[in-house]
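What Swiss-Prot annotates here:
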| type | residues | note |
| --- | --- | --- |
| BINDING | Cys39, Cys42, Cys45, Cys179 | [4Fe-4S] cluster 1 binding site |
| BINDING | Cys49, Cys160, Cys163, Cys175 | [4Fe-4S] cluster 2 binding site |
| BINDING | Cys100, Cys103, Cys108, Cys143 | [4Fe-4S] cluster 3 binding site |
| BINDING | Cys112, Cys133, Cys136, Cys139 | [4Fe-4S] cluster 4 binding site |
| DOMAIN | 30-60 | domain '4Fe-4S ferredoxin-type 1' |
| DOMAIN | 91-123 | domain '4Fe-4S ferredoxin-type 2' |
| DOMAIN | 124-153 | domain '4Fe-4S ferredoxin-type 3' |
| DOMAIN | 158-189 | domain '4Fe-4S ferredoxin-type 4' |
| TOPO_DOM | 1-260 | topological domain 'Cytoplasmic' |
| TOPO_DOM | 280-300 | topological domain 'Periplasmic' |
| TRANSMEM | 261-279 | transmembrane segment |
Amino acid sequence: MAYQSQDIIRRSATNGLTPAPQARDFQEEVAKLIDVTTCIGCKACQVACSEWNDIRDTVGNNIGVYDNPNDLSAKSWTVMRFSEVEQNDKLEWLIRKDGCMHCSDPGCLKACPAEGAIIQYANGIVDFQSEQCIGCGYCIAGCPFDIPRLNPEDNRVYKCTLCVDRVVVGQEPACVKTCPTGAIHFGTKESMKTLASERVAELKTRGYDNAGLYDPAGVGGTHVMYVLHHADKPNLYHGLPENPEISETVKFWKGIWKPLAAVGFAATFAASIFHYVGVGPNRADEEENNLHEEKDEERK
């Protein structure tokens, strides 16, 4: 079983004349909740992601940090981020699982000029269709979290799929399945928000007064959320943006030029019809016949 076209609610690069796809049935939005306060940085989730998706990154060089690999890539869809910070005169080691946030309003999808290369399912998962990718990299620029990565081998972009192939058959993502401390949870978005509120309340009783849920409104909310000790300072967690938003360039492109492109297409099509009706399809043939007649007269 796999998702069908009827399960898709958005496609990249569809113009104003293309009707929006409709999900065949109501599907609850799903979400992955990552509780960074119980993560031990074991990287089991990284291994599970690599195994399930059959991706193998090259062995990098040790640069003096625990991060390995050092960054996301086309063959590393999730990495552990480690940050040493000082808060309230105490040294803290903050750990965050990094990867696609699956935004409700995805900047990558809006920026993509290749039709159908990026899609969003009714449950909120944002997926890349690599066979449609043209390798332009616009999705990378459009992502406020700097997640997608271009593979130089095939000139296509890749990212976490939230294990959509597992979710469709009722399984949880591979990283959730393998986490030994239960730091990663998966379910409906509402149930994950409820779980997060319970965890935040517990953290506040332990002295973390600024604990909270990271579910940024600037991108319409996300389908990967974090429970943070210091929710008032998300940038402490390896630069997690405080108020991520779709760039003004992407908004301008989709807000103004997209409808203008649709109008231009319609105008061109209408002009072609009027030309056909008013002038007719045989004008070129008539001119060619006249030219042949003139040449025949000259020969005589």
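For all residues, glycine too, the Cβ spot is worked out from N, Cα and C.
Distribution of Swiss-Prot features across the structure.
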residue : record                          : Cβ contacts under 8 Å, 6 or more apart
Cys39   : [4Fe-4S] cluster 1 binding site : Ile95, Arg96, Lys97, Thr181, Ala183
Cys42   : [4Fe-4S] cluster 1 binding site : Pro180
Cys45   : [4Fe-4S] cluster 1 binding site : Thr78, Met80, Lys97, Ala174, Cys175, Thr178, Cys179, Ile184
Cys49   : [4Fe-4S] cluster 2 binding site : Ile55, Trp77, Thr78, Cys160, Ala174, Cys175
Cys100  : [4Fe-4S] cluster 3 binding site : Trp77, Val126, Phe145, Ile147, Pro148, Lys159, Cys160, Thr161, Leu162, Val224
Cys103  : [4Fe-4S] cluster 3 binding site : Val126, Pro144, Val219, Gly220, Gly221, Thr222, His223
Cys112  : [4Fe-4S] cluster 4 binding site : Ser12, Ala13, Ile118, Tyr138, Cys139, Gly142
Cys143  : [4Fe-4S] cluster 3 binding site : Pro106, Gly107, Cys108, Ala111
Positions on the same chain near the domain '4Fe-4S ferredoxin-type 2' (91-123), where near means CB under 8 A and six or more residues out: 3, 7-14, 23, 26-30, 32, 34, 36, 39-41, 45, 72, 77-85, 129, 132-134, 136, 138-145, 147-148, 159-162, 164, 167, 175, 184, 219-224, 226, 229-230, 236-238, 240, 246-247, 250-251, 253-254
Largest tally of Cβ atoms lying within 10 Å of a Cβ, found at which of the binding-site residues Cys136, Cys175: Cys175
Residues flanking the [4Fe-4S] cluster 4 site, with Cβ no more than 8 Å from the Cβ centroid of Cys112, Cys133, Cys136, Cys139 and excluding those residues themselves: Ser12, Cys108, Ala111, Pro113, Ala114, Ala117, Ile118, Ile134, Gly135, Gly137, Tyr138, Ile140, Pro148, Val157
Cα distance (Å, whole number) from Cys136 ([4Fe-4S] cluster 4 binding site) to Cys163 ([4Fe-4S] cluster 2 binding site): 25
Helix, strand and coil residues within the domain '4Fe-4S ferredoxin-type 2' (91-123) as assigned by DSSP: 5 helix, 13 strand, 15 coil
Among Cys108, Cys133, Cys139, the one of these binding-site residues whose Cβ has the fewest neighbouring Cβ atoms within 10 Å: Cys133
PLDDT averaged over the residues of the domain '4Fe-4S ferredoxin-type 2' (91-123): 96
Most Cβ neighbours inside 10 Å, all chains, among the binding-site residues Cys160, Cys163, Cys179: Cys160
